[in-house]
Amino acid sequence: MNSKKLNIGPKDIINSLPEALIYHILSFLSTKEAAITSLLSRKWRYFFAFVPNLDFDDPVRMQPDMGNQEETEIHTSFMDFVDRVLALRGNSHVNKFSLKCGNGVDGVGVTRWILNTLELSVSELDLSIASDTTYLFPSKVFVSKSLVRLRIEARNGLAFGSLVIDVGDVSLPKLKTLYLDSVELDYQIICLAKLLSGCHVLEELVMIDVVWNFWESCSASIPTLKRLTFFTEEGWNNPPPSVTFDNPALVYFEYTDTVALKYEKVNFDSLVEARLGLRVGYEESENPIQVPFGFPFPLIEYAMVGDATDLLMGIRNVQVLYLYASTVEVLTFRCKAIPIFNNLTRLTIESNTKVGWDSLPNLLKNCPNLKTLVFQGLLHKATDRCGDMCPCKPPENIHTCLSSSPVKVLEILKFGEINDKTELEQTKHFLELMPHLEQLNIYYDTSVDDNLVKVSKQLQEIPGVASAKCKVQVISDNLTLSVTLPSSSSI
């Protein structure tokens, strides 16, 4: 055999790779990284421009301390690079077009690139655009026949230049995912209604800081929707006047907002999991505060407003529920009645030292089939209205939500984050009162193994527990200890 035929160098191996494999390899790289491979050989010179996914990331965005002249030069180079790649590509189909650009990238160029990819029947647009002036998003995007996923983010948020969406006709027959982050909807509720009505197969909707608190009414009603995420920052405390959710196919609901004055309709017939981050709303009181004569400015009294009752009724068939600490407060002050959650099997409660557990006794009593209870931290505001939830209240005349609890698995996260002693007493309280408990997992936030040993020994010293068959584990990143509880029962 000719030995020369066996002498295949690395360059020959690279050149001999099938084009399909080359495109597959390049698909794991950003377009900028893929462009570097054009130096490997003449054959690879233009492959980078024909990968199915194009990913452009403005380098200035990652270097905020750059000088003005250098920043301008890099922006010009970046824009030339994007133009060159799209020109090389010609009419070749684009699967995904991802663009992240900061202030200084010409908005006219951004629009040109977006419209170019639309002509290439792009399936997915992922756009993160910062602008120090108002940028009007091209409305042609909303009549695309090819888009399956659309993500639009204003990188500056709502504090600086705005990314404004103004839709005319909307027809997105293939769109399944719509993600809007910090964008401004022109004509507000009309724009949102037109946009959603043109998405006939939409399955996932994410709205981040698309503030609707000042609209007369707000509605997210889509019959095909399966996942809905709505989030507004904590600073927006004006309650929305009226909110409607009519999503019979929804299985996942994540909602963080000031609780509305009224929930006109909440239809979640198929809901499986919900995460609620409701906040108490405030409005100026009708009763002004009397101030002394000559006081330099008027004092304004604010009153709690909002009603979460109908929203809670709408999610009552949920199986998995996560409540942020602010929601626990809303249940205390802005919910007339907590519904019965017959299907709920897993409940997670986030704790906060500023929020009491007043609403938890009624909540737990209304979860007759709850199997797993999770606490994200145990420290909370001490009050005299938390029943037997914690040892801060004298034992007489209290509601027995723990002693009648069906919970079998209790998980405590962030243990030891603030006050080990208080959290240990709370944990002992759970063990002494929960009769059906089979497993307690304590996730200790510590890097010191001796802390786990100490807590484990203290748990073993409990005089009696409500459930003799309960197994306890104390877990950290480095160690897991099993605790043997006393066999005698205190009940």
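The backbone N, Cα and C atoms fix where each Cβ goes, glycine too.
Since we're looking at a predicted model, the values are computed, not measured.
For 11-57, the entry in Swiss-Prot reads domain 'F-box'. Sequence annotations record features per position, and here Swiss-Prot assigns repeat 'LRR 1' to 127-154. Under the heading repeat 'LRR 2', Swiss-Prot lists 156-182. Marked as repeat 'LRR 3' by Swiss-Prot: 184-209. Summarising the annotation, Swiss-Prot assigns repeat 'LRR 4' to 325-351. The feature repeat 'LRR 5' is assigned by Swiss-Prot to 352-377. According to Swiss-Prot, the repeat 'LRR 6' annotation covers 419-444. The repeat 'LRR 7' annotation in Swiss-Prot covers 472-491.
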Note = Helix, strand and coil residue totals from DSSP for the repeat 'LRR 5' (352-377) stand at 6 helix, 6 strand, 14 coil
Query = List, by number or range, the same-chain residues at least 6 past the repeat 'LRR 4' (325-351) whose CB is under 8 A from its CB atoms?
reply = 259, 276-281, 304-309, 312-313, 316-319, 357-360, 362-363, 366-380
Query = For the repeat 'LRR 3' (184-209), what are the same-chain contacts with Cβ under 8 Å, counting residues 6+ beyond its ends?
reply = 142, 153-154, 157-158, 162-167, 169-178, 215-222, 224-233
Ask   = Per DSSP, what is the residue tally for the repeat 'LRR 1' (127-154) in helix, strand and coil?
value = 5 helix, 11 strand, 12 coil
Remark   = Its residues classified by DSSP, the repeat 'LRR 2' (156-182) shows 0 helix, 8 strand, 19 coil
